[in-house]
């Protein structure tokens with residue numbers, strides 16, 4: 001299917017696009033667009049692991065400010081900007097080198113679906129977890145992450161039904177806010193997040209309110225409106241309501257299972273291992289969304305139950321019934337490692353199959369030689 005996307009965000013159209021159009025001129029024509037996409041993702045990963053090294057349990061900004069060196073925050077601003085730029089120019093570069101392919105589209109959106117959670121998890125280190133005085137509780141972090149992923153899912157569910165990707169306004173705004181937040185932290189230190197700045201509210205409160213406001217009152221209604229409009233115009237891809245709602249079943253069940261584990265965990269797993277748990281949430285979610293993106297691109301039906309729901313349900317049952325006992329954290333670590341490995345394996349396999357099918361290389365513009 002022909003890729004079509006619509007971007008109506010003034011920040012993107014009037015400010016960022018002209019910047020990207022200048023940057024793209026520097027990129028040599030022999031570089032493959034997927035290489036740009038992948039480089040941006042690698043930068044996000046490097047940044048995430050760097051922050052994790054200094055702040056594994058999300059306390060560095062709260063109880064012991066100064067644990068994370070200033071250069072790390074500045075490096076975060078730099079990598080976030082680079083990833084944002086690379087993610088914004090990869091499609092332009094593909095059109096410029098006449099190498100737009102379904103593989104490129106899947107590669108871009110697939111990595112975005114994973115990067116979305118990593119951006120959020122890196123940002124949590126800035127505001128730190130609740131220490132009684134300042135910070136954000138781990139439950140707020142979980143809800144925050146879920147809302148961001150819900151937003152991402154909505155735009156792809158919308159594309160599954162309408163065939164058009166309406167780029168969410170939140171994306172450009174969130175990237176600019178992230179970069180500004182890192183620069184601010186680098187410039188004045190993490191203390192800026194721990195002092196009330198208006199009527200006793202903290203900056204983090206304002207950001208959470210903004211995020212929830214954006215999602216529930218802007219993004220989600222916009223998605224429903226676009227689907228409704230396509231329905232009126234008779235341009236919907238799926239005739240039945242069942243078909244249209246099918247891609248939402250697995251993500252919703254995933255969210256329900258995870259939330260049950262968070263709320264009913266005897267060992268309070270989210271408080272003990274927030275970084276592991278939230279990483280696992282992001283990866284599992286990315287895998288579910290990637291399958292929806294593939295179905296939407298290949299006009300096939302998504303499966304009703306994603307495979308990961310079965311092992312997860314077993315683990316959640318064993319955890320909340322007390323069967324796991326003191327091994328709950330170890331089981332989470334193993335589950336997280338397995339899901340991450342499975343997701344990477346899935347990505348590599350799909351990439352290889354598509355590159356063979358389309359007779360192209362993933363990271364090179366050279367054509368494959370027909371055997």
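Glycine too: its Cβ is placed from the backbone N, Cα and C atoms.
These figures come from a predicted structure and were not determined experimentally.
TrEMBL has this to say about the protein:
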type	residues	note
TRANSMEM	26-50	transmembrane segment
TRANSMEM	70-86	transmembrane segment
TRANSMEM	136-154	transmembrane segment
TRANSMEM	199-220	transmembrane segment
TRANSMEM	241-264	transmembrane segment
TRANSMEM	276-294	transmembrane segment
TRANSMEM	306-324	transmembrane segment
TRANSMEM	330-350	transmembrane segment
Review point. Does the transmembrane segment (276-294) reach the transmembrane segment (330-350) with at least 3 CB pairs under 8 A, where each pair is 6 or more residues apart?
Key: yes
**Study point:** Contact set, same chain, for the transmembrane segment (241-264): CB under 8 Å, 6 or more residues outside the stretch
**Key:** 139, 142, 146, 150, 153, 156-157, 160-161, 227, 270, 277, 281, 284-285, 288-289, 291-292, 295-296, 301-306, 308-309, 312-313, 315-316, 319-320
Review point. Can you name the far-off residues of the same chain, 6+ from the ends of the transmembrane segment (306-324), with a Cβ under 8 Å from a Cβ of it?
Key: 250, 253-254, 257-258, 260-261, 264-267, 269, 284, 287-288, 291, 331-332, 335, 338-339, 342
Review point. Is the transmembrane segment (70-86) packed against any residues at least 6 beyond its ends, judged by a Cβ distance under 8 Å, and which are they?
Key: 19-20, 23, 36-37, 39-41, 43-44, 46-47, 50-51, 54, 115, 119, 122, 126, 175, 178-179, 182-183, 185-186, 189
